[in-house]
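The structure appears below as structure tokens.
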């Protein structure tokens, strides 16, 4: 509260509103959001990942050119301070060329994701960090997208990445991280899909159309929605022949267990070194997962899915995507290996791999499945009633005693009618009210009311503390 | 990792840097920062405050005019998206009038503090919240200040405020919140200074210069730095007479216990209703604190300090400021009561009171006093060595077993020389290394090395887990 407001009277008629595409989070929502973040972070830490944070704003030059032309347009730029027009070319202003003056009006921008800032971090701190560097990062990002249901201009990303380790153990651990974090959040039926960029390259290679790999994967990716006939039609439009499609068919329609799929793929890709390489990587990940789990570990639902593409220009090895099967919802996580994370900042040859969790979608899933724990756990546990100054005076040291015992407690801050105080406890979802009237003060036996069951008990303050510690 | 990078080759020669006045936080720094935030938040919750969050960006109209002209200049504005020049008046562009075009170029801005967004929140959600509404908020704010030592353009504020309750119990609880949170952080000698805006008004009133209250407090506020003679000189320059100063002298030089000060003040202010009111409020806060603490509670170092002013236009009742006496450092916290928080958004008559913690300064203080707990507590607890594929294979289920027991564990992700693996454990401050060689695999007795003492023990995996759980 360190600020002076000078113009109260002047401002009093502005009707407040949120900036488009942004959200407030209420105490109830924060409790739920923190539950998600805390659960995920705890697993990250157990796997040896450490938290870093980067600034919300980066130099514009750090961000532009990293997300494609469309992405560049969605970066929120920050207007330079002071007399920002003075440096701008007047000719460009005269013709109102917004594009051309952007870099003269703005030096800084809000981060668009956590990956580019992380790459910058690794390069800038390369002398201080021990490789492999395993970091997680949970921070908001900003995109000037058109807001719509489920798409916001400010949202959190939860990323976990390792740089400087080629071992496929990292990929196997990502599978276990997804499995553990999502299970801990209460999800029961979800699939962790895995594919490998090298397998896709191999497929394009054996058809003799390596240059059409993007067209191929974009089409294959739609199998779920448009079926094989639709995919065929799109492939023909994108420059493939009927013969190509006949060769692709067994791959696109690959079904069965992971083992069955791998056996078929090995035959189809027997002439492609890169394709066989991809298969080998997938097999190594599967083996790592099995060996890690030993006899007792719970099997994750890990599915080889050849139609999985993600950002193909970017990934170079294994790619992941996670879907829940309990609710209709897009992917709730994804990631993969990229061979040159830091190259864009001049540090070559550092491999990286990472996954992320879609916190906002996970929130919606948990809400729909009613999987959030009772929110009361995090809030005030007991409200002490306040009927008159004598009762207030009696209550104050008890309030202190409750808190000293680690119990979140409040005294209703002024004398008020019981109904009003009960309404306050209800609105805040406080599970217990401690009623102190003249009888209670005389007997030193306080009335503890359970707000869920309505039950009342007469207890000493010591017994109240013991009771509240139990629940 | 959901993004496609299109232009790796093009971008490879940019030397990355941070935006001016911003910071990266390493894993070690994050552990320390989280320690501060977690400690403070835990106390907030114990006192019945619940967390909310507001968006980083607000409509520019929500923010402008709330912080004075100087503040307005320090607000980071966000450039409109798309063809942002199209709507701008060409005449203003031609004369390069930056000030006049700002509102045409920018609709949104980054929040400057947490108080104005909170006021907007209360007004927008007034139908959903139960009064008194007790919220805390820990989020970054942005100011386009000239960066210098200890002053950043992005920094965190930790605010706790209550709206809709006039009770001075809230002020008393702020004293206890400061006392508990700072003690829990390990600070031993700090002063919580208290004053009241009404006392300052009373003093200006009895001198007969109520209109000069700001000048008076600005001058008095400097007593520490320029002494009484300096203050006298400044008061003369600001329109006070020598007679006024003679009457002010006993107030300015007020010393002794809180009781002594209050006794003197009561005499000096006996003719000022508002002044006596302020004294009464202070006495009530003192009484609340004493009654709350009962017989056993630790006494906070609470000092009535008549030279304490803070943002005087803004506060209307008690004001607070906290200083540590162990390190030379400005205030590490402050706040007070404001009678009309939400009036600026058209909701009149809601009183508020709040305090904040200066997390960045507290960080520096704890660092200087070496009060951070050992950072290892939060990171990986044990690294398993990796010498060859056989040992790796043997280690994998043990790794899983360790994690399943809740122990943060890593396997070095590929076979490497012992020195390299030990160096990695050192760099990450990992306290234990589990060495697995052929002997260990044969005997199933693993070598657990304590990285601090250098001690080695041969233990079964069960004994390793038991040992690591202890520490």
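Positions of Cβ are set from backbone N, Cα and C atoms, glycine also.
Caution: TrEMBL annotation is automatic and unverified by curators.
Binding of L-histidine is annotated in TrEMBL for B:113, B:114, B:115, B:157, B:161, B:310, B:314, B:315; the matching candidate from B:143, B:146, B:151 at the same site is B:143.
Minimal Cβ crowding within 10 Å, among the binding-site residues B:115, B:157, is found at B:157. On its own chain, residue B:113 (L-histidine binding site) has B:67, B:141, B:157 as residues at least 6 apart in sequence with a Cβ closer than 8 Å to its own Cβ. The L-histidine-binding residues named in the record, B:113, B:114, B:115, B:143, B:157, B:161, B:310, B:314, B:315, extend over a maximum Cα to Cα distance of 22 Å. DSSP assigns residue B:115 (L-histidine binding site) to a helix in the three-state reduction. Restricting the average to the domain 'Aminoacyl-transfer RNA synthetases class-II family profile' (B:21-389) gives a pLDDT of 93. Of all the binding-site residues listed (B:310, B:315), B:310 has the fewest other CB atoms within 10 A of its CB.
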